[in-house]
């Protein structure tokens, strides 16, 4: 009867004849057990003798003799032996279960619990019963149902199954319709609907249909007559109706004109036309004095003031011959000329502040100082959190949002928020279906220009990132950062199961598979192994049922 009870679990897997072997099987020859073990490991549909797998390390062998020779070495490495049948185990829970089967197997009563004396017909029922006794030793308790767990991760998985989802807080309420939202930007987008409705109603009242016939005669009234189109939100007036329509988009947030290159949106078409010159490189406004070209007309007007100022200062300066005739009047300031203006044409160009490194000129000295930091590498603005230095204050402000978590730039399509406007502009291209950046060599298209630049290095063979330690060059900066860890000895990827750390993430992934082969996530009831703990928890539900 005992032999029948102990022989039953062998159908569940190759590890069961060793794990739950009774006293009557101690005298059996090892080669017979190994031969049975090798046959049980054969997959269906294969001829006998083709595949034999070790129950401990899952290694496969072509014949049972090779398996038997390997098993002697494999068992010798297992640290925990059973004193009843000399069976060895890698983990203490497996040995404890194995010893309980030896102690509980009684021919007449079946399997008896050594703690409370309860008897069971099968060993699986005994193991499930023993888990109830061991539950009191688990340190983590569920606050809802008093169930205990070994790990915090098991408690979190249990709470997700048992506790109902907490409703999301929606503190932002619309004052017009009472609808609530979880985030402020969602409420702002929603309120545009009410603003558009109010604009339509106000436009229908203020801009009603004019009676047919001759146009109405101008009436005295000043701005109301000259600018008949008034905004219902802010009261601003316009001469033409298209200007009013374009102005309404300031209140509604509508931006119908989208750039096909980068996806940025604008309220007016002239803004889009001016923006597209950044991508095309067009500079239609030339300077008549020096020939320099500008992308926008305001930039040309600002630049032309430099030439006018130089021309006025040159005309106000005295003739060079007057230095020889009358030197004393030179000490008096000329009429109509500021005290700080230059005196000679040779000194006139001093108004332009030129960079001594690259020759670039600037109108103000502070602009020159900001520019010279690019050559000197000076970074006077330091972050108080991490100590990182920046050359411009705007860069420090943008970096500080990394520590504060502030993300003021929100996407209108999906609501995702970003800490910098450039990141939002790059994200908008993900919503655009087109891929404007096309490789001229192979025709592959990309959404972002940096991706195209990195791809083109494949065709050109360019490797601009050079290691300062060994001189090895790379095409991408991430590869250089990963390579430099060889020289610095940095190992940022640590294994959570042991004390080893690695310089590459791929090496950590390969290393963690060794823990899985050792049975890191192994079921204590049936011995089945899993790649991660979540799958093990899902598997244990079958035994609980």
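Using the three backbone atoms N, Cα and C, a Cβ is placed for every residue, glycine included.
Feature annotation from Swiss-Prot assigns region 'Disordered' to 1-50.
The phosphoserine annotation in Swiss-Prot covers 27, and the record cites similarity to another entry as its basis.
According to Swiss-Prot, the feature N6-acetyllysine maps to 39 (among others).
Taken together, the residues in the zinc finger (52-74) have a mean pLDDT of 78 on the 0 to 100 scale. The annotation zinc finger is assigned in Swiss-Prot to 52-74 (among others).
According to Swiss-Prot, the feature zinc finger maps to 80-102 (among others).
As annotated by Swiss-Prot, zinc finger applies to 140-162 (among others).
Secondary structure of the zinc finger (172-194) per DSSP (helix as H, G, I; strand as E, B; remaining residues coil): 11 helix, 4 strand, 8 coil. Per Swiss-Prot, zinc finger is recorded for 172-194 (among others), and the stated evidence type is sequence analysis.
Marked as zinc finger by Swiss-Prot: 229-251 (among others).
Under the heading zinc finger, Swiss-Prot lists 257-279 (among others), citing sequence analysis as support. Across the zinc finger (257-279), DSSP helix (H, G, I), strand (E, B) and coil residues number 11 helix, 4 strand, 8 coil.
Packing around residue 269 (N6-acetyllysine) is summarised by its Cβ count: 11 other Cβ atoms lie within 10 angstroms of its Cβ, all protein chains included. Sequence annotations record features per position, and here Swiss-Prot assigns N6-acetyllysine to 269 (among others) based on similarity to another entry.
Sequence annotations record features per position, and here Swiss-Prot assigns zinc finger to 285-307 (among others).
Annotated zinc finger per Swiss-Prot: 353-375 (among others), in sequence order.
Under DSSP, residues within the zinc finger (381-403) fall into helix, strand and coil as 11 helix, 4 strand, 8 coil. Annotation comment: Swiss-Prot describes 381-403 (among others) as zinc finger.
Taken from Swiss-Prot, the feature zinc finger covers 409-431 (among others). For the zinc finger (409-431), the residues of the chain that approach it from at least six positions outside its boundaries are 183, 185-186, 189, 253, 255, 262-265, 398, 401-402, 447-448, judged by C-beta separation under 8 angstroms.
Annotation comment: Swiss-Prot describes 493-515 (among others) as zinc finger, evidence class sequence analysis.
Sequence annotations record features per position, and here Swiss-Prot assigns zinc finger to 521-543 (among others).
Tertiary neighbourhood of the zinc finger (353-375): same-chain residues 306, 391-392, selected by CB-CB distance under 8 Å and a gap of 6+ residues from either end. Counting residues of the zinc finger (285-307) by DSSP class, helix then strand then coil, yields 11 helix, 4 strand, 8 coil. Sequence-distant neighbours of the zinc finger (381-403) (same chain, 6+ residues past either end, Cβ-Cβ under 8 Å): 370, 373-374, 419-420. DSSP places the residues of the zinc finger (52-74) in helix, strand and coil in these numbers: 11 helix, 4 strand, 8 coil.
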